[in-house]
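As structure tokens, the structure follows; a few thoughts come after it.
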Amino acid sequence: QLQNKILILTICAAGIGGTFQYGYNISIINAPATYIQAFMNATWLERTGAPLESNVVLLLWSFTVSAYPLGGLTGAVVAGPMAIMLGRKMSLLLNNIFVIIAAALSGFSRMAKSFEMIMLSRFFTGMNAGVSMNIQPMYLAESAPKKLRGAVALTSASFTALGLVLGQVVGLRELLGGEESWPFLLASNVVPALIQLTALPWFPESPRYLLIDRGDKESCISALQKLRGTSDLSAELEEMLAEQAAVKGQRAKNPWELFQNPSLRWQLVSIIVLSSAMQLCGNDSMYFYAAYVFQEAGIPRDKIPYVVIGTGSCELITSVTCNMIIDYAGRRPLLLGGYIFMAGWAIVFMVALSQQTQISWMPYLSMACIFAYILSFGIGPAGVTGVLPTEVFDQMSRPAAYMICGSLLWFNLFLVGTAFPFIVKSLAHFCYIPFLVVCVCTALYVGFFLPETKGKSFLEISEEFKKRNFKTKTRSGFYKGPEEIKTTTL
């Protein structure tokens with residue numbers, strides 16, 4: 001039981017300063033939005049003697065918000081080289097430097113009368129999230145035993161959801177969301193960073209990284225003993241040595257080399273489709289709609305933040321549930337079910353929005369849709385998407401695959417954030433049509449092309465993809481036969 005404890009504590013130490021920060025920093029910026037905009041205006045007035053026009057304030061605010069995904073994109077790009085050169089654990093530890101800089105900048109921004117410091121702090125916060133979103137699932141999936149691999153890597157999604165909820169709670173007016181305390185709210189992300197810096201050094205580095213990347217068998221065995229205890233390690237070590245032999249003489253690949261390699265074609269297509277779909281499926285935009293829909297449903301304005309916490313809790317509950325069932329149900333059913341349900345709810349949501357004013361009970365239906373949509377997202381796409389790159393790529397391609405995944409994730413987050421207000425303007429109640437199309441297409445892709453990876457070793461998974469990648473060549477080989485026969489009969 002002690003070893004299970006060590007695995008659980010490793011997960012918590014990695015998660016609290018890892019993907020927890022991603023969720024936390026996404027949600028803490030919402031509460032003080034009006035105060036920060038007023039601060040921008042007041043600062044400008046003090047500097048130049050003239051107030052800012054409202055559209056300029058809005059522009060500055062959108063810069064502040066979009067600095068986060070831009071930082072995330074930068075983080076995702078540096079995460080690959082960091083994971084290879086410094087190792088998984090060391091990268092997570094050094095990653096906290098970005099948050100500490102960010103907390104200092106935002107915490108002192110009001111004192112320094114500089115709103116540019118807030119923008120810069122959001123960029124650094126994004127960098128931290130970009131690195132941890134890539135390295136944490138990699139570190140955990142490489143440290144977990146095969147039968148628990150899905151559940152352990154999925155905890156990344158649970159920590160994101162936990163961060164979201166805690167961010168919403170801390171951002172309440174009664175806590176740190178008030179007009180006086182917003183710099184403390186923005187700087188509060190330093191607390192998880194300090195917790196990780198004190199806890200994570202006590203736990204082992206990823207055994208796979210130690211053996212396959214570093215070639216250090218002794219350290220690998222001692223890391224495995226810490227994580228697994230006295231249980232028989234020979235089978236697991238044998239599997240790792242087989243993988244080490246399979247990649248012998250190779251070096252860690254760069255992202256562009258993955259695109260040139262025909263044996264990785266389907267793996268790449270799969271992670272590109274799923275990473276893009278995760279942001280383009282409209283889940284984050286549901287949060288954008290939440291306040292408006294709740295207001296229409298007759299919830300008093302000052303009570304809405306409490307109901308919004310309910311939406312975050314939905315994602316948390318489902319990602320924890322998903323954790324428990326992923327290694328029984330498998331990856332495909334969860335992804336497929338998630339996207340099919342989201343497509344269904346998107347249709348109901350659009351109908352409910354269009355009838356909002358005509359039928360008295362419609363606002364309640366759209367409220368139910370918001371919860372159902374977020375639940376469907378949490379049960380599959382939210383967690384499984386982050387697990388797949390670890391499972392479908394070998395040790396040498398994995399960091400590069402996560403760089404591609406992470407870059408797509410952040411680029412699409414930026415894209416949706418920028419485009420969604422315009423989509424709402426032009427499509428009004430039918431603004432979910434683009435998201436509906438994405439959900440349907442992704443469900444079709446998962447249904448027809450994605451193999452199941454549950455309970456298989458990394459080598460078995462890559463064999464399965466090898467069959468797919470080279471299936472077309474063998475087919476074309478068979479077709480040549482009859483043609484030749486025809487020519488001889490002529």
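Glycine is treated like the rest: Cβ placed from N, Cα and C.
Some features that TrEMBL has for this protein:
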DOMAIN    11-454  domain 'Major facilitator superfamily (MFS) profile'
TRANSMEM  58-80  transmembrane segment
TRANSMEM  92-112  transmembrane segment
TRANSMEM  118-139  transmembrane segment
TRANSMEM  151-170  transmembrane segment
TRANSMEM  182-203  transmembrane segment
TRANSMEM  334-353  transmembrane segment
TRANSMEM  365-388  transmembrane segment
TRANSMEM  400-424  transmembrane segment
TRANSMEM  430-450  transmembrane segment
Paired segments the transmembrane segment (151-170) and the transmembrane segment (400-424) in contact, 3+ CB pairs under 8 A: no
Confidence summary for the domain 'Major facilitator superfamily (MFS) profile' (11-454), mean pLDDT rounded: 89
Feature contact check the transmembrane segment (118-139) with the transmembrane segment (400-424), CB under 8 Å, 3 or more pairs: yes
Cβ contacts the transmembrane segment (92-112)/the transmembrane segment (334-353), at least three under 8 Å, sequence gap 6 or more: no
Within-chain partners of the transmembrane segment (365-388) [C-beta distance under 8 Å, separation at least 6 from its ends]: 133, 137, 141, 149-150, 153-154, 156-158, 160-161, 270-271, 274-275, 277-278, 281-283, 286, 289-290, 293-294, 296-297, 310-311, 314-319, 321-323, 326, 331, 334-339, 341-342, 345-346, 348-349, 352-353, 356, 442, 453
The transmembrane segment (334-353) in contact with the transmembrane segment (430-450), cutoff 8 A, at least 3 CB pairs, sep 6+: yes
